[in-house]
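K.L.:
This is the structure, below, for whatever I ask next.
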Amino acid sequence: MKLELRGITKKFGALVANDHINLTVEAGEIHALLGENGAGKSTLMNVLYGLYRAEEGEILLDDVVQHFAGPGDAMAAGIGMVHQHFMLIPVFTVAENVMLGHEDTRTGGRLDLVAARKRVREISDRFGFDVDPDALVEDLPVGVQQRVEIIKAVSRDAKVLVFDEPTAVLTPQETDELMVIMRQLKEAGTSIVFITHKLREVRAVADRITVIRLGAVVGEASPTATNVELATLMVGRAVDLTVDKAPATPGDAALSVRNLTVLDPRGQVLVNNVSFEVHKGEILAIAGVQGNGQTELTEALMGLQPRVSGEITLDGKSLRGHSVRQVLEAGVGFIPEDRNEDGLVGEFTIAENLMLDRSNDEPFVKRWNVQRALLAKFAGEKVREFDVRSQGIDTPVGRLSGGNQQKVVLARELSRDLRLFVAAQPTRGLDVGSIEFVHERIVATRDAGTPVIVISTELDEVAALADRIMVMYRGRIVGIVPGDTPRAVLGLMMAGEAPAGEGAAA
Amino acid sequence: MSTVTPVVQPAAPTAPETPDFEFVKSWKVTIALSIFTVFGILLLVVFGRDGISTMRLSTSSDLIQLPDVELPTRLTGIVISVLLLLITAASVWLVQAQAKAPIWLISVFAVLLLIGFLSWAAADKAIPVPGLLFGSLSLAVPLIFGALGGVISERVGVVNIAIEGQLLAGAFTSAMVASLTQQPLLGLLAAMLAGVLVSMVLAAFSIKYFVDQVIVGVVLNVLVVGLTGFLYSQVMAPNAELLNQPPRFERINIPLLSEIPIIGPVFFRQTLIVYIMYVAVAVVFYGIFHTKWGLRLRSVGEHPQAADTVGINVASTRFWNVSIAGAIVGLGGAYFTLGSVGAFGKEMTAGAGFIALAAVIFGRWDPIRATLAALLFGFASNLQNVLSIIGSPVPSEFMLMLPYLVTIFAVAGLVGQSRGPAASGKPYIKS
């Protein structure tokens with residue numbers, strides 16, 4: 001089925017998320033929609049799927065104008081979507097999720113689960129998936145959940161299938177497998193819209209590429225274009241895809257973690273007997289697919305996890321079993337992985353956020369009073385130093401862009417005397433300019449002799465920053481390898497295979 | 001390194017040295033059992049009473065007459081204390097052996113403690129067991145209707161604090177309509193309608209205008225209390241003969257079933273409303289877990305956005321199901337006036353709606369379990385009635401607390417971290 005979008009314009013208040021976007025996807029082609037975070041790709045697709053109503057423009061399927069009042073209409077017209085955040089009900093089984101919305105029933109209104117199971121098996125077999133129709137979705141790994149989403153769309157005879165940032169949660173191997181599935185779907189005549197900001201994937205699988213920047217189409221490219229060409233088009237200026245950094249000059253071991261185990265309240269082992277060291281003046285990157293214990297490991301370091309056993313020592317002093325405050329006072333700086341949830345108070349001003357972790361002592365608080373003048377001076381300096389673009393230090397942080405918010409977090413953490421710096425997903429959801437800035441500051445921190453831990457699920461980031469790379473899988477360390485380890489090896493390690501020869505260095 | 005083929009399962013991890021699960025020792029159950037055991041021993045042995053406790057198992061109208069069970073009070077107390085101690089010891093041993101105390105063991109403990117307490121309280125007296133259970137069911141009926149409504153409402157994603165108001169509105173309207181028309185069935189219908197109306201206000205404010213559901217619910221309760229109180233004193237009470245003398249439903253004895261010893265007199269010599277309740281429990285259970293209606297209802301309460309993306313209208317699903325819930329709760333309200341008391345009285349529901357809410361949570365949002373929880377609360381209430389009638393040595397003030405104590409212990413202690421519908425109480429705001 002041929003899909004055509006003509007002059008789609010979508011506004012959120014004053015913000016124009018999509019500005020007269022034209023896009024044509026021919027039948028049986030994989031069309032990549034490339035753009036930075038916040039460029040308006042997902043908005044466009046939500047318009048297509050009937051979740052948003054566009055102010056202007058029309059959607060055509062096989063040259064017939066469509067009017068979608070909601071996702072139900074879009075699906076009936078043959079549009080399917082694999083959402084970035086899976087639209088699956090965690091407590092339902094696979095079969096129940098697939099049948100939801102177009103249920104077959106038998107006498108007495110009883111759900112026809114037999115037919116639904118059969119359908120899931122049929123589609124699974126067609127694509128070579130191994131999905132148990134009776135498994136609860138919440139028990140499945142994310143890669144399999146994504147397949148359930150695909151099954152869901154295929155079971156409704158989707159002729160146009162939209163993949164919204166599908167690889168964000170996948171290992172490199174799973175990503176390769178997804179590419180195979182996309183080609184299979186294409187062979188079967190399905191048109192595919194593939195939304196992403198990862199250049200490598202676009203070039204691997206797309207037939208045509210449309211690049212979007214700031215809500216408008218800025219050009220088309222062929223998959224033979226180079227990374228630099230695509231990146232330049234996407235960002236709007238020449239970009240440097242590598243981080244300038246001198247070789248590390250590691251000093252003594254500063255942080256030492258021995259046999260660290262973290263349990264959740266139900267007794268499931270989240271971090272499993274982990275041991276490693278971080279030296280002064282080096283960046284240890286912790287790589288791995290989301291949800292393999294990295295989050296819990298950092299939280300354990302910060303004193304945020306209740307059930308921790310093992311040893312954590314920083315410069316010879318134990319950190320385990322201490323409160324978050326004590327950990328901070330020991331000189332640990334921390335960028336949490338979700339800045340809006342854990343890093344900032346959105347309603348507070350920039351200045352207030354800059355003193356959040358020093359709110360019960362001098363210099364910012366004297367005799368229970370916040371020293372406003374001192375704070376203003378400090379905030380002014382930091383805003384300048386970290387290039388936070390805002391209307392002033394009294395702007396609520398919630399109104400800043402993601403990049404500027406992250407700079408506030410970075411400024412706060414780096415303005416203390418650090419003995420260890422932990423950055424979890426430091427560039428998630430940021431634009432290229434901010435990513436460059438954050439990376440520079442992290443390298444500068446290392447060069448100042450501070451041990452740095454960077455947790456990232458993006459292999460590009462890991463490769464750009466790391467002096468050593470530690471890969472985690474299911475709560476365990478698969479191995480600790482040098483920073484220049486080839487991507488293919490890292491990919492296998494992220495799927496749980498220990499690097500050949502060396503064995504688990506843990 | 002092996003080559004990776006497109007299969008679902010990721011490559012097997014390197015030989016796991018330790019398992020992915022570790023047992024978290026929880027002493028909660030053991031501590032609770034110990035406290036109750038100490039309490040039991042104190043009561044049954046230290047302050048043990050002498051005499052014979054009689055348990056009457058049949059009513060005079062039964063076809064099959066069971067003999068009375070006579071228990072020597074002190075001996076029963078000692079035997080039961082020993083058994084309680086053994087179970088507590090077993091639970092200590094289980095935790096040490098890294099296992100959980102099975103639910104049946106806890107149930108046996110509770111039943112033993114209950115028998116011990118009953119025999120202690122009834123020294124030299126007789127407890128009419130069918131009467132005790134019959135009364136329990138009667139008191140549980142409005143709780144069960146309330147809990148069913150609560151389950152539906154919460155499963156679809158709207159917290160229903162207004163159960164109390166819906167019960168009261170149902171009680172008032174059914175009394176009024178049934179008195180005017182002299183038709184109890186019309187009263188029943190009116191009660192459902194009143195429940196639906198209260199529900200619709202809750203639904204409109206929480207779904208359309210995103211007002212905090214708990215606050216709307218609380219306000220509705222206060223509103224209904226005020227409104228029915230006002231109408232009662234201004235309209236109903238002055239014309240009580242015309243407006244507040246509803247005909248009651250007759251008891252219907254189900255042939256054969258009503259002659260089963262103990263069970264028959266309790267469950268099958270009831271009024272129409274109670275039989276409707278049996279059907280309602282079964283229908284709601286079947287509906288929620290085995291039909292299209294239930295699947296959609298649960299999906300909306302768990303992950304409204306996912307439901308939206310497969311073409312389910314979240315707002316209308318919520319609106320209509322909250323209304324259905326209101327109709328069911330309204331039936332429970334009618335039971336007060338048409339089934340048990342026989343006339344409306346100011347604030348006659350006396351917190352039953354909140355106990356029903358507790359039953360929803362204690363029952364983990366499952367219609368059958370919530371019903372059982374409601375029965376437990378009904379039993380606790382009626383135990384107090386029966387014991388004060390036969391004249392037990394327990395102060396009546398303490399016994400009045402019993403149902404609420406049971407509620408608190410049940411919800412706080414036994415449920416622990418139960419997981420409700422993920423989106424319950426959260427408005428679905430489409431951007």
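Any Cβ shown, glycine's included, is placed from N, Cα and C.
Note: TrEMBL annotation is automatic and uncurated.
What TrEMBL lists as transmembrane segment is B:29-48, B:75-95, B:102-123, B:129-151, B:185-207, B:214-233, B:272-289, B:319-336, B:348-365, B:372-392, B:398-416.
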K.L.:
Which listed stretch (B:214-233, B:319-336, B:348-365, B:372-392) has the most C-beta pairs under 8 A with the transmembrane segment (B:272-289)?
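P.N.:
Answer is B:319-336, with the largest number of Cβ pairs below 8 Å.
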K.L.:
Based on Cβ pairs under 8 Å, which of the stretches B:75-95, B:102-123, B:129-151, B:214-233, B:319-336 lies most in contact with the transmembrane segment (B:372-392)?
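P.N.:
The stretch with the most contacts is B:129-151.
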K.L.:
Can you name the far-off residues of the same chain, 6+ from the ends of the transmembrane segment (B:319-336), with a Cβ under 8 Å from a Cβ of it?
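P.N.:
Long-range Cβ neighbours of the transmembrane segment (B:319-336): 141-146, 148-150, 152-153, 155-156, 158, 160, 163, 166-174, 187-188, 191-200, 202-204, 207, 273-274, 276-277, 280, 284, 297, 344, 348-349, 352-353, 356.
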K.L.:
Cβ under 8 Å, sequence separation of at least 6 from the ends of the transmembrane segment (B:75-95): give me the contacting residues as numbers and ranges.
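P.N.:
Here the qualifying positions are 25-27, 29-30, 33-34, 36-37, 40-41, 43-45, 48-49, 53, 101, 105, 108-109, 112-113, 115-116, 119-120.
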K.L.:
Could you tell me what the rest of the chain brings near the transmembrane segment (B:214-233), counting residues at least six beyond its ends with Cβ under 8 Å?
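P.N.:
Result: 159-162, 164-166, 168-169, 171-172, 198, 201-202, 205-206, 344-347, 353, 425.
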